[in-house]
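Student: The structure is given below, and queries will be raised subsequently.
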Amino acid sequence: MAISTTDRRPTAPDRKRPARRTWRTRHTRAGNPGRRVLLMLQLATVLAVLLIWAALAAARLVSATALPGPAAVFGQFPQLFGDPVYWQAVGDTLNGAVTGFVAAAVIGVPLGLVTGTYAAAEQSSRLLVDVLRSFPVIALLPVFLLVLGSTPTMKTTVVLLACVFPVFLQAQYGARSVTPMIAETMDSYRVPRLLRFRKVILPSATPSVMTGLRLAATTSVLVAIGVEVLTTLPGIGHEVVQAQQGGAAARAYAYIVTAGAIGYSINLLSQFAERRLLRWRPPTHTD
């Protein structure tokens with residue numbers, strides 16, 4: 001009788017391995033509580049600032065004409081919401097900011113991608129870019145007033161110049177982010193330039209481009225309001241000056257709060273658009 005020499009050891013029953021926790025599952029399971037805690041901390045910080053503001057106003061450390069309390073400031077909004085002048089001022093500011101921002105995006109993104117892709121273009125334009133972006137745009141406002149006058153076109157031009165360099169530099173940086181190994185591989189396989197740009201350079205540059213657009217969007221509102229404060233152009237900045245000169249400090253602060261709310265809303269919309277367009281990118285600690 002033949003005896004099998006094969007070692008037949010009992011095998012353990014198959015057990016399902018626990019699913020591997022990827023960055024997506026960790027983000028889904030642990031992200032929501034963290035976001036709730038972060039939101040609570042942010043709200044607590046805002047509340048603390050409001051309480052300090054109210055305490056300073058109540059203590060009369062600063063005159064009421066210079067620092068009205070939050071109750072007086074926020075009490076202006078029911079009246080402002082029913083005032084057509086308020087909405088006209090908001091519309092004038094947004095019109096100048098959006099027009100200048102769009103023009104900056106149309107000019108800055110293509111130029112940044114081209115100069116970032118071709119080293120010769122980047123090196124030849126570096127001196128001019130460094131000189132132009134070193135000038136404070138608001139400091140050049142008298143020049144624009146002499147050339148263009150106190151017109152909406154002048155406000156749009158100032159916003160354009162303030163926004164184009166963040167967009168341009170971020171697009172340029174994104175185009176340069178392609179690693180040398182990938183560039184050499186594309187050269188070896190003789191990938192056509194259009195396909196190289198569409199499949200490699202543009203996806204690599206998109207995160208940086210979105211960052212530049214987000215920064216420029218917020219800057220556009222701030223610069224538009226700054227121009228309105230320093231000129232006679234209509235908008236939120238002009239209404240702040242008018243209220244201040246008329247002794248209506250609470251109304252002036254209400255317009256300032258409106259400007260902050262607009263800037264914050266634009267930043268939130270920019271972050272939302274960035275997350276939607278970059279869904280393929282793993283989230284970072286800042287997302």
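A Cβ is built for glycine as well, from the same backbone N, Cα and C atoms used for every other residue.
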Student: For the transmembrane segment entry in TrEMBL, name the matching range from 157-179, 180-202.
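Tutor: In TrEMBL, the transmembrane segment feature sits at 157-179.
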Student: Under TrEMBL, which of the candidate ranges 47-67, 131-151 is annotated transmembrane segment?
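Tutor: Checked against TrEMBL: transmembrane segment maps to 131-151.
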Student: Report, as numbers and ranges, every residue of the chain located at least six residues beyond the transmembrane segment (99-119) whose Cβ falls under 8 Å of a Cβ in that stretch; write 'none' if there are none.
Tutor: 125, 155-160, 162-176, 197, 201-202, 205, 209, 212-213, 216-217, 220, 223-224
Student: Against which stretches of its own chain does the transmembrane segment (252-273) lie, if we need a Cβ under 8 Å and a gap of at least six residues from its ends?
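Tutor: Answer is 68, 73-74, 76-77, 80, 86, 89-90, 93-94, 210, 213-214, 217-218, 221-222, 225, 236-237, 239-240, 243-244.
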